[in-house]
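As written in Swiss-Prot, here are the features:
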BINDING   CYS69, CYS71, CYS87, CYS90  Zn(2+) binding site
BINDING   ASP489, ASP491, ASP493  Mg(2+) binding site
Amino acid sequence: MIHQKGYQFLQIGLASPKQIRKWAERILPNGDVVGEVKEPHTLHYRNQKPEKDGLFCEKIFGPIKSGRCACGKYERIPEQGEGKKFCKKCWVEFTYSRVRRYRMGYISLGCPVAHVWYLKSTPSHIANLLGQKLKDIESLAYYNHCLGNPSTNYPTLLFIKKYFQYSSLAWLLHILLCFFSFKGFEALEDREIATGGDAIKRLLSELDLQNTIDESRKACEELAYFDPLDEKEAQKAQREKERLVRRIKIASYFQETKIKPQWMVLSTIPVLPPDLRPMIHLNDGPLATSDLNDLYRKVLYRNKTLWELRQGIWPAPHSLMISQKRLVQEAVDALIDNGLGGPPMRDSNNRPYKSLSDVISGKQGRFRQNLLGKRVDYSGRSVIVVGPHLKIYQCGLPKNMAIELFQPFLIHYMINKKLASNLRVAKSIIQSKHPIVWFILKEVIKKHPVLLNRAPTLHRLGIQAFQPILVEGKAILLHPLVCAGFNADFDGDQMAVHVPLSPESQKEARLIMISNRNLLSPATGDPITLPSQDMLLGLYMLTLEDLQRNFSFSQKQCLKKHTNFNQMPSFISFEDVIKARVERKIHLYTSLWLKLKNIEAITSYLYQSPIEIQYNSRGTRSITYEDWNICENIEGEKISIYAYTTVGRVIFNQQFRSALQKRIDY
């Protein structure tokens, strides 16, 4: 049990065999030590009671019914401080049945086995740390190859070194077995050769981490001065450099956390509490069981057979021992991560078993479903829709959601301002949705940010703070620029709203988590608030020249611009264009001529050829280009300049200039 005041953080890492035993072992009043699961049995087929020393043993994990032992005897559960009570016959503790949710057991393996996460993951941590090929380490772990002269402290008899195939030495081992007793042969074999998890454990235990780091750094420095002759050598050098960097990182992690590398090889495996892998009686009779129970049983069956072969009176054939050790390794692999790096272990219905990795990983796993996916007070959830009128640091919060989330703050405000005499009166006013409630709610949320979160929260931009704005409806309004950080779009995505309660959390939300302070990607440093999807499509539609583009651009210029200058609508300001659109005299895609104020700033027409020049009786002339119409007097001075544009482009230009001016003034 984790106490909120006793522990400030939770660290996940490798556990030593001693630590695993410490989790499970308990000393009974008669001096017996319990905790080790020895039998592969679960429940007795007749009375459906847990088997002794099995996977559901009450002596190890606690009683099934509170205060009742395995014999059926009932006693009062002692209070805290009174001391523990045990049945003198079956030695089951009289306690609550909920202890079966956290009491663990362990299995003592007959041979060391390599942890499949560190052996077969990509990249392999064991192979990387030892500086060996993954193929060689896997062959060693699964007893296809042997390691000669595993320890350099003693003179050897067989004079063999490094890796060799087991079958090439099987005949010699068979002859030696005839001249030695079984115990003597085991001692000789341990000194001369090693294979399986035992060989990997010896290599890891003899590893000097600091020396490994120094050698890898020296090799990296040599590669930095290496001048490759061709691209193939350059790629090979780059791969070697990446491998050395990974090796330095892994060795440094082991040093910093004070974890020993040999703990990646298991000699003891923990057994989950029985209530986390239950067996349930169905109405029609059969038992429904967790896949973990079947996987634990496979490990126990194979491990028990191995112990019997090792402790037998007559020595077992060496090939049989090797085969049984390989079976134990495969069973433990399936228990930890079924199907990693090979075909999965299946049940009678040809369905792959769900291993420990499957139980804790993914959306339905223990972490995301049960630990991180809990319901939280002062939180809500709704569909997100686009809010283009919002600032980047604002979000639209539905009124009905806001009145529930901020209800404690509303009650506090009403009682302080003497608007309600007590809690009950304040709640009744809020439930009646009196007009004053909306006024108070607006005042409350002005100084109170909210947190928006979209699952899965894969990086820190998955949860950001916003200033809420009350809106009608039931959907949360979100600025489209912040969608990239959440990896969200407006096709039905849902987001959760959380209210920070403490002053510290509110301060952190305003200063650190507010969306306008999270404009860069934490991974690459590139801008993450870039227009995309709906924004780009909206800008394209707004600035589109004509919805029916059935002929080329040059043809359109000839047909519309220089022939119809006087027939097309012309305006002298942005305001006149907006006014005409409001009055529905023109639509969004209407082409028009707009008079520009800054005449001298326009120079792009100098690079174009005039399409048409018109003279009038006063001596002035009108020159029409592809995008401009310039009126000049007799001296050649510009009188006016008109730009060819559309209503949508005028709106875009006005909004862009307005936003830019506000930024400059700020």
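Any Cβ shown, glycine's included, is placed from N, Cα and C.
Structural mapping of features recorded in Swiss-Prot.
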{"residue": "CYS69", "record": "Zn(2+) binding site", "contacts (Cβ under 8 Å, 6+ apart)": "GLU58, PRO63, GLU75, CYS87, LYS89, CYS90, VAL92, PHE94"}
{"residue": "CYS71", "record": "Zn(2+) binding site", "contacts (Cβ under 8 Å, 6+ apart)": "CYS87, LYS89, CYS90, VAL92"}
{"residue": "ASP489", "record": "Mg(2+) binding site", "contacts (Cβ under 8 Å, 6+ apart)": "CYS483, GLN533, ASP534"}
{"residue": "ASP491", "record": "Mg(2+) binding site", "contacts (Cβ under 8 Å, 6+ apart)": "none"}
{"residue": "ASP493", "record": "Mg(2+) binding site", "contacts (Cβ under 8 Å, 6+ apart)": "VAL383, ILE384, ARG454"}
Among the binding-site residues listed here, CYS87, CYS90, whose Cβ has the fewest other Cβ atoms inside 10 Å?
CYS90
Hey, for the Mg(2+) site built from ASP489, ASP491, ASP493, who else sits with CB inside 8 A of the CB center?
ILE384, ALA488, PHE490, GLY492
CYS69, CYS71, CYS87, CYS90 excluded, remaining Cβ within 8 Å of their centroid (Zn(2+)):
ALA70, GLY72, LYS73, LYS88, LYS89, TRP91, VAL92
